[in-house]
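Visitor: The structure that follows is given in the form of structure tokens.
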Amino acid sequence: MAELEGLEFGKSDFVLLDEVNMEQFMENLKLRFEKARIYTFIGEVVVSVNPYKQMDIYGKEAIDAYRGRELYENPPHLYAVADAAYKAMKRRAKDTCIVISGESGAGKTEASKYIMQYIAAITNPSQRAEVESVKNVLLKSNCVLEAFGNAKTNRNDNSSRFGKYMDINFNFNGDPTGGHINNYLLEKVRLLRGGSEEMLGSLHLQNDPVNYVYTREGATSNNDRSNHRAVLSALQVIGFSEEEIDSIYRILGTILILGNLQFETDSESVQVVGLEAVSHIAGLTTTKPDNVTKSLLFRTVATGGGEVIEKGHTEKEACFGRDAFAKALYERLFCWIVARINAVIEVKDYNPVLHGKNTVIGVLDIYGFEIFENNSFEQFCINYCNEKLQQLFIELILRQEQDEYQREGITWQHIDYFNNQIIVDLVEQPHKGIISVLDEACLTVGKVTDTICLESMDAKLGQHPHYTSRKLTPSDKTMEFHRDFRIRHYAGDVTYSVEGFLDKNKDPLFQDFKRLMYNSSNPVLKEMWPDGQLSITEVTKRPLTAATLFKNSIVALVDKLGCKEPYYVRCIKPNEMKSPVLFDDARCQHQVAYLGLLENVRVRRAGFAYRQPYARFLQRYKMTCEYTWPNHLMETDREAVEAIVTQHGFQDDVAYGHTKLFVRTPRSLFTLEQERAALIPILVLFLQKVWRGALARMRCQRMRAIYAIMGCYKRYKVKAHFWEVERRFTNVRNMADYGKSVEWPTPPAALAQFDSITQQLHRRWRARQIVKNIPPSDMGEVRAKVAALGALSGERKDWGCGRPWERDYLSNVRDCPQTSSNFIRISKELRNKDQYNQVLFSGFCRKVNRFNKSTDRALFITEKHIYKLDPKKQFKVLKRLPLESVSTGLSITAGVDQMVALHTSSQDDVLLYIQRGELCPNQDRIGELLGTLIDHFTRCTGHFSQIFPRIRTGKVTGSPL
């Protein structure tokens, strides 16, 4: 911890202060606040100062840094205490609790949310759906409870107006399985902003809190539209139905309209001003308007003889009843919401035999000690609660210290501390305490006023050292006669005004309102008021007072906390301006005092300020002793620790427990820290040097191994490639295609060129094998087809490769049955005349002239001439061209047409369209003509490109080229 937070940030644990006094405590607290270190330890207690700004210390990285670590391994943080509570629960199967306290605006609600988020983040690593569902509901419940239990006040924009204790149940794996929520002393809350215009219209409301009495005070700066959406989403996730959510809005609307109701006195009776509001209330609560009016203006009373009469209210009584009804509506609504959440998150179908032990982490977020200019019944209850919690806090801290001393075999020393049991008794003692006096006054028949109650307290408690009033100390002018009394709390003196105590203590709600709500047609509203089913004659037992109910709930809470291992978060409000830079010394000192933080430090430091297991102490400080660095040779870690202590001369300042070393004063610890800090840079340099050398040697060894492996692997891959080629091509001589269908294996990079040459050799060998089997009579056709294939280069899809080439189609009886005999005669005459030896091609065609006119002709090509014949005139020779004259080139198209252009050296080009004969109507003969000419010129000249330099494929039009 000292490494992570230097001395410039102050002491990260108040236990390590040189002297325990208020001055040093405040100096350290202020320094850490100014350095943006808002958390500080007191042993295992976290002191949190509200920073009034967003801080980047709560993300996933922070969660990972604190997960599974000890408290002292990281700087102080909420996550540290949350992880400590979780580890104690999981490792030792102990129920734990985290108590968060502080005054309004100190950051308690935010602290509880961060703790919940941390616990949710570190649990359920396997992402089981049912556990994720429980975690989601637990987190969403915070949002709902904040919306209905928090309010904007002059001291805090999001002030909790209730105390909340949440038990989170965990299974044996440490995953949350459910929970339970208890709430304490609900006050008022914000209600209005955030709803849509349609929703507000259905509730007969306006979107301005200033228009309503109950929301007027804190309505200046709330912007809750996004919060409203979040709350609505949370309600749906938790499992509230649409009908239930609608009922919630209806009740809220009823409360706001109730607050604006006015009464007037008409002669002797009291009337409601404006019956429209009564109709709206009746509509929202699904009751009858007459019954609403009757409940507001009359009270049903049963006489001693069993007779039921209706007693009309005065205007003051009607206002009192209206406000009591509104408060009761909201209280019942809030308690119903808590009960609905509990029904969802409670552990279901739990069997210890099947599921193992069920452990609990409790999180208590409760109001802190309050001292205002005017302190009333609420402050009295809140401060009584804090007295009980302070008493528990000191007792548990002392118990923890004593238990640890006994476990370690250290002699326990008595610790003097202020025991506030005397103040607790002043409030709760039967028959004598303030609550008993209040209850007695509420039960007394007749007109009992707050002043009479104060006189009764003065009479019974006048001798108590922690109670006084103006009557008992007439010279104290800070109190008013017949109004004020003062209690000396552990946190300071608080003056209370007794005005309103009796009204707030007794149940102010008339039974008529309970029956009105129970008879509502809305099942949700009816469920909230089960006591309304009793008739007026059945309601005989007076309900418990508010103070007694609160006392009972706090006693139950303290008993629940007392059986758990506690962890504490003490929240401090640095200033009233909500400024992230202002530190009000007087205000903070007051909070430190009433939170009992100095008392906590003194208890923690009583006897020994610091304690650490031997193994961890040795690991941290072994470099400060020559006998323990780098590793000791002693039998136990305790002996090694004794060697460190002896070398530094701290023998008189320590005690040795069974597993821990106890250090009496922080000065000894700081001496060790300073020496360690001086040695760390030297050790770091030495370790860096050794480690760099080790890394270099390891890298060298790895590189050598890598190169050796690479060489062997390359050789293996080459051989494997040869073996694979040999395996695949072993029997290609016996294959019909001589290995054409055999896939070549992918060669290694080193054999890429070799593989290319090998494939080329295989193709040549395969071609030779194929050619060897071709009869000599077919070789001319094969050469022509090869020539056509090379010249076309894939430009023409179908060029007659797969059929036999007849060449002399005009002489073929099958192709030209009617004209073949005439052509054979003419060809013999031309052979005798021109002395040609070979017919290269003959066939019918259509000639296109320069005027784009076409005529039927016959094409006859020999090795010497090209003849254009007229088939209609007995194949009369129309034109004779030397074959060498077309050596300029020829052009064909890439399509399926049979058009060809012969380019002559005299630029007298001939455009022909080869016609198909009867042998096959779909024959393509262009490829045959092209291949035959190329083969002829190749054999005559050695290379056809010398004769045909312009063989082209492309679009040929009807005009001459």
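Just so you know, glycine gets a Cβ as well, placed from its N, Cα and C.
No curator has checked TrEMBL annotations; they are predicted automatically.
Worth saying up front: this structure is predicted, and the values here are computed from it rather than measured.
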Visitor: Of 71-93, 554-576, 577-599, which span is tagged region 'Actin-binding' by TrEMBL?
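Guide: Here TrEMBL associates region 'Actin-binding' with the stretch 554-576.
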Visitor: On the 0 to 100 scale, where does the mean pLDDT of the domain 'TH1' (794-961) fall?
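Guide: PLDDT averaged over the stretch: 81.
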Visitor: Run through the region 'Actin-binding' (554-576) and tell me, per DSSP, how many residues are helix, strand and coil.
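Guide: Split by secondary structure, the region 'Actin-binding' (554-576) comes out as 9 helix, 8 strand, 6 coil.
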Visitor: For a quick check of packing: other C-beta atoms within 10 Å of the C-beta of Gly102 (ATP binding site), how many?
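Guide: Cβ-Cβ neighbours of Gly102 (ATP binding site) within 10 Å number 26.
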Visitor: Most Cβ neighbours within 10 Å: which of the binding-site residues Ser104, Thr109 is it?
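Guide: Max Cβ neighbours within 10 Å, all protein chains included: Thr109.
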Visitor: Looking at Cβ-Cβ distances, which residues of the chain lie under 8 angstroms from Gly107 (ATP binding site) while being 6 or more apart from it?
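Guide: Same-chain residues close to Gly107 (ATP binding site) (Cβ under 8 Å, separated by 6 or more) are Ser48, Val49, Asn50, Cys571, Lys573.
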